[in-house]
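Here the structure is laid out as structure tokens; the discussion comes afterwards.
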Amino acid sequence: MTKATKRAALACAVAAALGLALYFNGSTAADEVADNQVTAAATLAADPAAVARGAYVSIQGDCAACHTVPGGRAFAGGYGLQTPFGVIYSTNITPDIKTGIGNWTERDFFRAVRHGRHKNGQLLYPAMPYNAYVKISDADMHDLWAYMRTLQPVEQSPSHNTLGFPYNIRHALWGWNLLFFDNAPFVTQPAQSAAWNRGRYLVDGPGHCAACHTPKNFLGGDTGRYLQGAELLGSYAPEITADPYRGLGSWSREQLQTYLRTGANHQAIASGAMGEAIEFSTQHLNDQDLAAIAEYLKSVPGSNSIKPQAMATTEPVMRRGAQVYEQNCMACHNVAGEGIAGMVTGFADNPGIRTPSGSNLVAAILKGSKAVTTSGNVTGAGMPSFDWKLGDADIAAVLTYVRNSWGNAASQITPEQVATARRTLDAKPQMLRHF
Ligand code: HEC
Ligand code: HEC
Ligand code: HEC
């Protein structure tokens with residue numbers, strides 16, 4: 001190496017180190033707006049208006065859903081999140097001194113929520129969606145803290161994570177943050193309306209919609225295909241951009257709001273992960289905020305998917321699918337896939353039916369599912385499981401049929417795909433008749 005290149009290399013290394021130092025110190029500078037004296041457990045007169053606003057922020061952020069075991073004490077943690085890397089358990093965030101965040105200050109709290117750092121400086125797993133919460137405003141964070149301090153302290157120690165090597169090494173998250181953590185606050189776009197900006201704030205910040213709806217790379221970081229649909233374990237979060245074919249282009253703003261408020265609309269019925277997001281979060285949002293989310297999502301450019309050609313009804317697999325449909329599905333999903341608004345999924349011209357891999361449909365038919373119940377839609381109908389009843393070829397045929405009828409066109413589902421899903425989803429084998 002010549003002297004000049006050596007010097008250049010050294011300069012690069014120093015610049016990189018400086019950049020990193022700035023990156024990390026700069027990252028938490030914003031948290032200095034928070035108090036660093038009073039702990040969560042300390043007695044302090046609460047401002048009821050701030051507490052009420054903070055409760056609403058926690059609903060936007062869906063904090064309780066992840067930090068509460070179903071049927072367990074609120075915010076006491078222990079809920080296991082299934083990730084491709086293993087199970088990560090949420091922590092106790094009640095103001096209990098021994099097992100919760102009782103001895104944390106507001107600044108510690110800001111750092112954890114917006115920058116993914118424990119009080120002791122350890123990095124948190126991005127299963128806690130700090131990469132979205134970094135967009136939460138200072139004002140909302142102050143209110144959220146005011147609310148958190150009023151929670152009932154619960155003594156409950158956290159469960160241990162079951163991550164395999166190398167994912168169990170928290171230091172590795174340093175690299176993850178460097179690659180995938182967009183450490184920047186929310187910036188209002190003055191050219192857009194107030195409603196649009198509010199919608200974007202809710203979607204990208206507290207609502208953390210991208211956590212499920214943006215496809216991930218092999219390290220669990222967001223790809224550039226913003227809100228264009230992502231495989232989850234055993235289900236699929238569809239594209240929610242304005243794309244006319246795969247996204248929400250065909251839904252009106254009102255239909256979108258109805259879905260987020262009640263869990264169902266003219267064609268879609270929410271269940272699973274979205275059912276939970278609706279149950280604990282979006283059904284409680286006020287109408288103005290729901291309208292803002294719709295305003296924003298309807299402006300997000302989509303994957304620009306080209307509508308494929310639907311399979312011909314004369315294809316043998318389509319004929320077989322039509323037969324299976326008539327015998328097993330028509331009673332509920334109706335003659336021409338209309339479904340029943342607010343109760344049974346309508347297949348006709350439904351973007352949720354033409355997802356790229358169809359994994360969500362295979363899971364629903366094998367394991368069945370239960371629609372979410374909300375105060376706006378108390379029916380909560382059920383989709384029976386067909387794993388015991390139908391073989392792989394029949395399931396593949398009926399789903400291929402549904403995906404290529406009534407205005408839909410999408411790739412074929414293969415019997416092999418169904419067989420694999422049967423194994424990975426731990427579904428029952430088909431019950432064979434021996435007569
Ligand atoms: C998608 C699930 C999920 C949501 C939603 C979520 N959290 Fe978390 N949170 C976690 C997990 C998992 C951890 C533990 C991460 C780890 O161990 O590295 C965590 C950790 C934390 C911590 C650090 C506590 C500690 O002892 O280290 C705080 C504080 C926290 N969350 C607050 C919140 C707040 C406030 C909200 C709502 C604005 C929220 N969380 C929403 C999953 C979630
Ligand atoms: C925990 C994961 C998760 C989060 C967070 C989440 N979603 Fe979803 N979403 C899903 C899944 C899974 C589905 C498919 C539901 C089904 O088929 O019943 C879905 C479906 C939807 C649909 C219906 C799409 C269609 O074509 O049928 C809309 C609209 C939607 N989500 C909007 C949102 C918005 C807005 C947010 C943020 C406020 C959000 N989601 C947050 C997982 C999630
Ligand atoms: C007893 C009534 C009933 C029958 C019979 C039935 N379904 Fe359903 N199905 C429902 C209901 C209700 C829902 C919505 C609830 C939910 O998603 O949990 C649903 C949802 C679905 C979904 C989920 C759509 C999505 O967006 O994720 C698929 C796929 C589906 N049904 C396919 C079928 C097929 C194929 C058949 C026939 C083999 C069938 N269903 C038979 C009631 C039924």
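One is the number of the first residue shown, and numbering goes on along the chain from there.
Just so you know, glycine gets a Cβ as well, placed from its N, Cα and C.
Summarising the annotation, TrEMBL assigns signal peptide to 1-29.
Across all of the domain 'Cytochrome c' (49-152), the predicted model scores a mean pLDDT of 95. The feature domain 'Cytochrome c' is assigned by TrEMBL to 49-152 (among others).
For CYS63, CYS66, HIS67, the entry in TrEMBL reads heme c 1 binding site. In sequence order, PHE75, ALA76, GLY77, TYR79, SER90, THR91, ASN92, ILE93 are the residues of the chain that are 6 or more apart from HIS67 (heme c 1 binding site) and have a CB within less than 8 Å of its CB.
Marked as domain 'Cytochrome c' by TrEMBL: 194-301 (among others).
For CYS209, CYS212, HIS213, the entry in TrEMBL reads heme c 2 binding site. Under the DSSP three-state reduction, CYS212 (heme c 2 binding site) is assigned to helix.
According to TrEMBL, the feature domain 'Cytochrome c' maps to 316-406 (among others).
Taken from TrEMBL, the feature heme c 3 binding site covers CYS329, CYS332, HIS333. When other Cβ atoms within 10 Å of the Cβ of CYS329 (heme c 3 binding site) are tallied across all protein chains shown, the result is 20.
Proximity of the binding-site residues CYS63, CYS66, HIS67, HIS333 to ligand 2, judged by a Cβ distance under 6 angstroms to any of its atoms, singles out none of them. For the domain 'Cytochrome c' (194-301), the DSSP-based tally of helix, strand and coil residues reads 48 helix, 10 strand, 50 coil. For ligand 3, the neighbouring binding-site residues among CYS209, HIS213, CYS332 are CYS332, by Cβ distance under 6 Å. For CYS209 (heme c 2 binding site), the nearest of the binding-site residues CYS63, CYS329, CYS332 in terms of C-alpha separation is CYS63.
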